[in-house]
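*Asks:* In case it's useful when we look at the structure, here is the feature table from Swiss-Prot:
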{"type": "BINDING", "residues": "22-28, 50-52, 316, 342-344, 424-426", "note": "GTP binding site"}
{"type": "BINDING", "residues": "23, 50", "note": "Mg(2+) binding site"}
{"type": "BINDING", "residues": "23, 24, 25, 26, 48, 49, 50, 51, 140, 154, 235, 250, 314", "note": "IMP binding site"}
{"type": "ACT_SITE", "residues": "23", "note": "active site, proton acceptor"}
{"type": "ACT_SITE", "residues": "51", "note": "active site, proton donor"}
{"type": "BINDING", "residues": "310, 311, 312, 313, 314, 315, 316", "note": "substrate binding site"}
């Protein structure tokens, strides 16, 4: 009998994930790479994530629209895995158009994406306010979690419902009746006006209709036609609801697996996974952070790196790079190459530390424990590296970078087994080195 093998389709999609707690600089990378891809897709999260892009002397923060929108030849898609606040989306579309970029014909929104309603935001704030101290998650209050709750409870409202006023009104009345019972009887707060919300959301139909399509079919047909796709994640792997530092996580899957379920692109189309890693670490909100620096060094990292949340403006907690956590993220997302960002923030440090393992109850461990009860007890073990005390902003190649900066990058590669291909040495598009 003739031996046969199954052929594998040519992979034409790339996934880009954050490998830490979010805020790794994914926006700059997507903006830089978007001219190499025909389509950029946002596949999870909502307006709780902010991607910052610096170009032409401007700094722009996007929360929902993919960062590729500033490449005029790029098509942008908001996938089915995203939860959409229509008000925030309309404001963002207006912002992009005011900057001189066309959105119509270049932005498509999944008809299956779920909507964030006013009652989701209300419940988000009420739920968080009832928690105390270490129990607080540090939610952005944007209604993300409650919207995903409704999605998985199978009574969420989707974009497609905006296109049918009768269906929309029926679903809103049913949902708000249930939410008002919770708001009034459990939280003892004033109920929500259902008629006001119905009027507001019916008006979104005319505005959003030109952008709505079946993006699952659209993306797969475009891939079949030879188009290339970049799938852009929000937040980071360590905030993944299944694989992150639960319960201090987001409500979706920022890992590479979420790219397929959140876009409808099949796994066999994924050719590579780019992991974005900051040269140090930050975290917004509560949750375990083994390498956090609550001293002058942490303050210095925050000041130089301008570490304030793009969505909430909250001050980020700062610390040294954690290789234990990073290796875990690379494993669960199958990262094939690393993009190292904000290396320039370390330019004025004589000594740079990197966590290589943890001490737990007197034993050295190398695997990342995701459960809070264990992670809160680990102590980082550091390796010290020499700083470079110089700027690499003018370097046009890896060889032109300071030798100690090169050594830092090489150490990161050796410690993770993953090549670093992109190095950000400043916020601008041109302050980038490829290795």
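Using N, Cα and C of the backbone, Cβ positions are placed for all residues, glycine too.
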*Asks:* Going by Cα-Cα distance, which of the binding-site residues (23, 28, 313, 315) sits nearest to residue 235 (IMP binding site)?
*Replies:* 23
*Asks:* Residue 22 (GTP binding site) to residue 50 (Mg(2+) binding site): how many Å between their Cα atoms?
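*Replies:* That comes out at 9 Å between the alpha carbons.
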*Asks:* Using CB atoms and a 10 A radius, I'd like the single residue among the binding-site residues 28, 425 with the highest neighbour count.
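*Replies:* Highest number of other Cβ atoms within 10 Å: 28.
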*Asks:* Work out how many Å separate residue 25 (GTP binding site) and residue 313 (substrate binding site) at their Cα atoms, rounded off.
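*Replies:* Approximately 16 Å lies between the Cα of residue 25 (GTP binding site) and that of residue 313 (substrate binding site).
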*Asks:* Would you mind pulling the DSSP three-state label for residue 28 (GTP binding site)?
*Replies:* helix
*Asks:* Can you tell me how far the Cα of residue 316 (substrate binding site) sits from the Cα of residue 48 (IMP binding site), in Å?
*Replies:* 15
*Asks:* Considering only the binding-site residues 28, 50, 52, 343, which residue has the minimal Cα-Cα separation from residue 314 (IMP binding site)?
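*Replies:* Result: the closest of the binding-site residues to residue 314 (IMP binding site) is 50.
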*Asks:* In whole Å, how far does the CA atom of residue 23 (Mg(2+) binding site) lie from that of residue 343 (GTP binding site)?
*Replies:* 14
*Asks:* Let me make sure I understand the structure: which of the binding-site residues listed (48, 52, 235) has the fewest other Cβ atoms within 10 A of its Cβ?
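*Replies:* It is 52 that, of the binding-site residues 48, 52, 235, has the fewest other Cβ atoms within 10 Å.
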*Asks:* For a quick check of packing: other C-beta atoms within 10 Å of the C-beta of residue 22 (GTP binding site), how many?
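*Replies:* There are 29 of them.
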